[in-house]
Amino acid sequence: MGTLFRRNVQNQKSDSDENNKGGSVHNKRESRNHIHHQQGLGHKRRRGISGSAKRNERGKDFDRKRDGNGRKRWRDSRRLIFILGAFLGVLLPFSFGAYHVHNSDSDLFDNFVNFDSLKVYLDDWKDVLPQGISSFIDDIQAGNYSTSSLDDLSENFAVGKQLLRDYNIEAKHPVVMVPGVISTGIESWGVIGDDECDSSAHFRKRLWGSFYMLRTMVMDKVCWLKHVMLDPETGLDPPNFTLRAAQGFESTDYFIAGYWIWNKVFQNLGVIGYEPNKMTSAAYDWRLAYLDLERRDRYFTKLKEQIELFHQLSGEKVCLIGHSMGSQIIFYFMKWVEAEGPLYGNGGRGWVNEHIDSFINAAGTLLGAPKAVPALISGEMKDTIQLNTLAMYGLEKFFSRIERVKMLQTWGGIPSMLPKGEEVIWGDMKSSSEDALNNNTDTYGNFIRFERNTSDAFNKNLTMKDAINMTLSISPEWLQRRVHEQYSFGYSKNEEELRKNELHHKHWSNPMEVPLPEAPHMKIYCIYGVNNPTERAYVYKEEDDSSALNLTIDYESKQPVFLTEGDGTVPLVAHSMCHKWAQGASPYNPAGINVTIVEMKHQPDRFDIRGGAKSAEHVDILGSAELNDYILKIASGNGDLVEPRQLSNLSQWVSQMPFPM
């Protein structure tokens, strides 16, 4: 104790001497507490002296926050900000809660807190508060959180309850939902494996679409890859490893716990009377090439029989809903089901018109997506596969680009997403339809460009057609063969070619090469998001290290990725075929099927990680109030209540595109 006392006295003396140099004289204190207090004051003054030197460097910005005595001004005090934060933290919950008070108690609540007066006070304090809080106050005063807005409809069951109240709608048409690429859970059904990987440990565990997937890819990467990769030669299951798509609504409602996909749609359909006897989720193994889905799983046969059963039991035609790649699957199915031949549907012409009431194309990729090209060239996945951020981070973090490329190349379903229509849709080196959007000095038709060439192998820029050809040329022979057997990415030059292409399955995923079915009573709804920057073109470089991946996006470039209008994944121009169909009867739409186009503006809620009820992002659109509203109206037989809306110039672009017919 004596030692501590002497040390403190010495510190006091030192502090006193230093303070005397600055012109301040302090009396000695006898109390130990006062000695500590004096020590603290001396420490603060030393900091003040040091701060004075820094103040000369910082200049007016530092002095502006202090008054003439060197103290912080009251408006910049942390204590003031804390008090204001606490004040707002108490009053704002009352403000939001007032909107949800029962009608019988609303007057009492309004008398308790006068929100008009609160807004006046908030106006007085807005200039003092941080920018984030000020923006929050602006949203409140603008009425962005009123009950009449769609934000309130982001809650569970909200859209269904509102439509039930306003229109008294009820379930009518059976509903079949076809999910998009990678959004269906994949689970292991194998029990053998090999010497390095015992498959029985993963029996009936989801190796895609669960936290178990994340744990396995981190803890046992080699085993996880052996399960999810397909056999390169056959495109089917590798020996001793068996994965299958999860079934039922659980297969697509959530990707990972907390990250919903179709759950909002299920909830709202349930409100108006839908249940498993009236709707189903047609989950599929999206890794497989389309005809391999039929060859291995009889997927299209099961889908046909499910639709026929629904039609027989209910007496109503079926409503098909496809999201993303699911829309391609539905378009393919409508050609498959009426085609004749082995592994085909053999339903005969007229089957679609007899069994299908409507086709809802929600953010569909009927003409592909540019992101599929860098996925197959250089394994880009973080921004290519729009799903749970944690899952995509795991794929980017724990797998090299070479590993990702090899995995993606075995998945025969991925090439189906390659863009279709060549220069008609995607432009050439001279121009593209989207160029006027941003007044580009360059053109989006220049899809892949090389700013730094290290060899003669890649010494020119590439259009979309050239880029796809290059992608295949640097791919393994077995991938080239599978793509040529399963898909086609061009366009038909005349009506005769359109009809001829209906005979072979490789054309059925491309609406530029085959017409819509003869189904005059079917209705098509194309609903997609706009106003969200979307990848459209890329700058690539050739790596010097031959042992590494040969081609990668050149992130050292000033602009490695060129963005355009879209929904964050699918660019606007990829919906061109909907507008071509909507022009009326033509070789592409021989029956004159009625096509309704609804463009949804992406207006995400800044306080909702999934964007809220007004989001039109590629995946989050499934939770938007507007899309759910349309789905329920169409499924209940009230599709006439869906009003077309075009916010972009795509219809004008399509009229100027060089379609051959």
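Quick reminder: no glycine exception, Cβ is built from N, Cα and C everywhere.
What Swiss-Prot records for 1-71 is region 'Disordered'.
Look at Swiss-Prot and you will find 54-70 tagged as compositional bias 'Basic and acidic residues'.
In sequence order, Gly180, Val181, Trp286, Thr365, Gly413, Ser416, Met417 are the residues of the chain that are 6 or more apart from Met325 (substrate binding site) and have a CB within less than 8 Å of its CB. Swiss-Prot lists Gln162, Met325 with the feature substrate binding site.
Swiss-Prot lists 322-326 with the feature motif 'GHSXG lipase motif'. Distant neighbours of the motif 'GHSXG lipase motif' (322-326): 177-181, 183, 262, 286, 359-365, 413, 416-417, 569-570, 618-619, 622; these residues of the same chain sit at least 6 beyond its ends, with a Cβ under 8 Å from one of its Cβ atoms.
In sequence order, Ala363, Tyr528, Gly529, Val530, Asn532, Thr534, His602, Ala616, Glu617, His618, Ile621 are the residues near Asp567 (active site, charge relay system), counting only same-chain partners six or more apart with C-beta under 8 A. Per Swiss-Prot, active site, charge relay system is recorded for Asp567 (among others).
Counting Cβ atoms from all protein chains shown, His618 (active site, charge relay system) has 26 others lying within 10 Å of its own Cβ. Under the heading active site, charge relay system, Swiss-Prot lists His618 (among others), citing similarity to another entry as support.
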For this session: Give the sequence-ordered list of residues that share a chain with Gln162 (substrate binding site), lie 6 or more positions from it, and have CB atoms under 8 Å from its CB.
Result: Leu153
Exercise. Under DSSP, the motif 'GHSXG lipase motif' (322-326) has how many residues in helix, strand and coil?
Worked result: 2 helix, 2 strand, 1 coil
Problem set entry | Per DSSP, three-state class assigned to Asp567 (active site, charge relay system) | strand
